[in-house]
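Residues or ranges marked as coiled coil in TrEMBL: 155-186, 349-376. What TrEMBL lists as domain 'F-BAR' is 1-264. Under the heading domain 'REM-1', TrEMBL lists 342-419. According to TrEMBL, the domain 'SH3' annotation covers 488-549. Per TrEMBL, region 'Disordered' is recorded for 294-313.
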Amino acid sequence: MSWGTELWDQFDNLEKHTQWGIDILEKYIKFVKERTDIELSYAKQLRNLSKKYQPKKNSKEEEEYKYTACKAFLSTLNEMNDYAGQHEVISENMTSQITVDLMRYVQELKQERKSNFHDGRKAQQHIETCWKQLESSKRRFERDCKEADRAQQYFEKMDADINVTKADVEKARQQAQLRHQMAEDSKADYSSILQRFNQEQWEYYHTHIPNIFQKIQEMEERRIVRIGESMKTYAEVDRQVIPIIGKCLDGIVKAAESIDQKNDSQLVVEAYKSGFEPPGDIEFEDYTQPMKRTVSENSLSSSKEGKPELKFGGKSRGKLWPFIKKNKLSLKLGATPEDFSNLPPEQRRKKLQQKVDDLNKEIQKETDQRDAITKMKDVYLKNPQMGDPASLDHKLAEVTQNIERLRLETQKFEAWLAEVEGRLPARSEQARRQSGMYDGQTHQTVTNCAQDRESPDGSYTEEQSQESELKVLATDFDDEFDDEEPLPAIGTCKALYTFEGQNEGTISVVEGETLSVIEEDKGDGWTRIRRNEDEEGYVPTSYVEVYLDKNAKGAKTYI
């Protein structure tokens with residue numbers, strides 16, 4: 001099956017068909033281009049999505065990623081980032097292996113098509129020229145034959161006329177012979193041109209056109225094969241990244257399988273465990289008996305010394321949870337003591353341990369630097385031309401001083417840590433209650449736990465009066481520390497706006513209300529105020545207008 005033999009008379013239709021084939025190829029190239037754009041856009045959106053949900057450095061969100069579920073989510077984000085990279089690979093490979101290659105091929109195809117159809121038109125023009133020559137010789141032969149017939153008839157007429165002279169007859173005869181000779185010449189010329197035309201026409205339809213159409217057919221078939229190969233490449237480009245995408249998905253599955261709910265539960269315990277003991281039972285106090293109803297300092301002191309469990313139980317029930325709430329707010333406001341005494345014992349131990357570890361790392365770093373300087377100094381001593389040993393003395397002294405400072409700092413934190421760890425191990429209920437709570441600021445040894453009690457900030461203070469003790473026993477889950485000395489007012493403030501204190505440690509105020517200021521803004525945007533004598537908390541500084549007492553402005557404040 002050949003276009004040259006089957007479609008010998010369809011030159012124009014073949015020209016249209018091959019142009020349509022090039023249009024189809026260019027359409028496919030445009031399709032692949034748009035696919036690469038989609039892949040790039042998709043990869044960019046996936047990367048942005050992964051970046052959006054990445055934890056921010058040095059933030060609370062980053063601390064949450066110690067849990068296995070959060071780690072698995074982070075692994076999923078990283079795998080999705082790699083997944084996006086594979087779509088970028090798809091776009092790059094399609095561009096290099098399909099789009100660029102096909103665009104170059106289209107240009108070559110257009111040139112080849114143009115050349116083939118140019119040869120075809122040239123062959124057409126040649127056969128048309130031959131046809132015109134044949135027609136011209138045929139018309140000339142026809143004309144000469146007619147002229148010869150007329151000349152012959154004229155001669156015969158003249159020859160039959162007796163009135164015509166012999167000279168005229170001879171002239172007519174010669175003219176007829178001339179015309180016959182011209183007709184014979186035209187006949188020979190027409191016959192020659194006809195043979196030549198038939199030869200040209202045979203070659204045109206059996207050689208030239210078949211050859212040209214065969215080239216066009218081969219060109220078109222190569223185009224079809226090329227577009228098929230490009231479609232295979234299109235699929236292979238996708239197929240090549242499937243194993244890597246599969247690994248990304250396997251990574252996500254592996255991350256999901258690595259989630260350990262028990263481990264996360266243990267991390268919650270480690271993160272929030274306070275180390276406090278649950279409050280004990282509160283003993284019944286029979287006020288119907290005169291001895292119990294009578295309040296005296298001796299009886300109260302005796303009761304306190306003889307029943308430490310009762311004091312601790314009542315104290316814990318009334319003061320344990322508000323104590324934690326207040327310290328949480330203190331942490332938010334950035335007022336963390338150096339020894340972390342504002343934290344519960346277990347959390348305090350963790351913070352102190354972390355601090356000790358950090359200090360040890362710094363000591364090791366400084367020690368390595370000191371050793372390096374010492375070695376360099378030895379080299380300078382042995383080879384003075386390399387440097388002056390005295391130039392390193394200042395740096396060596398500075399590093400040594402830093403090491404000593406860090407060691408003293410470490411000893412201080414280790415002492416606090418040993419003090420906390422000495423109280424954390426499990427002991428009997430009686431001993432635990434007699435030892436009281438945990439020392440957070442004074443760092444005194446516990447020698448008189450039965451006579452001392454713990455203040456809300458973690459330090460040991462002397463027992464207060466019998467009114468304070470009775471107030472502790474009578475108060476149930478009070479949010480304020482009734483047994484600590486209230487902070488003095490350092491001024492007043494007027495509420496500019498209404499504030500709903502819904503968070504722990506805050507207080508609600510109404511616009512226009514006047515309250516006492518007991519602690520001014522430390523730079524964190526909060527001011528501590530008091531309403532009456534028993535209700536206090538924090539409000540945003542921007543919500544109040546503060547009027548400080550000049551005499552009390554320099555007074556030391558406590559958080």
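Any Cβ shown, glycine's included, is placed from N, Cα and C.
All annotation found in TrEMBL is predicted automatically rather than curated by experts.
Since we're looking at a predicted model, the values are computed, not measured.
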### Task
Over the domain 'F-BAR' (1-264), work out the mean pLDDT and round it to an integer.
90
### the domain 'SH3' (488-549), counted residue by residue under DSSP: helix, strand, coil
3 helix, 31 strand, 28 coil
### Task
On the DSSP side of things, how many residues of the domain 'REM-1' (342-419) fall into helix, strand and coil, could you say?
72 helix, 0 strand, 6 coil
#### Entry: Within-chain partners of the coiled coil (349-376) [C-beta distance under 8 Å, separation at least 6 from its ends]
270, 275, 339-340, 343, 387, 392, 395-396, 399-400, 402-403, 406-407, 409-410, 413-414, 416-417, 420-421, 424
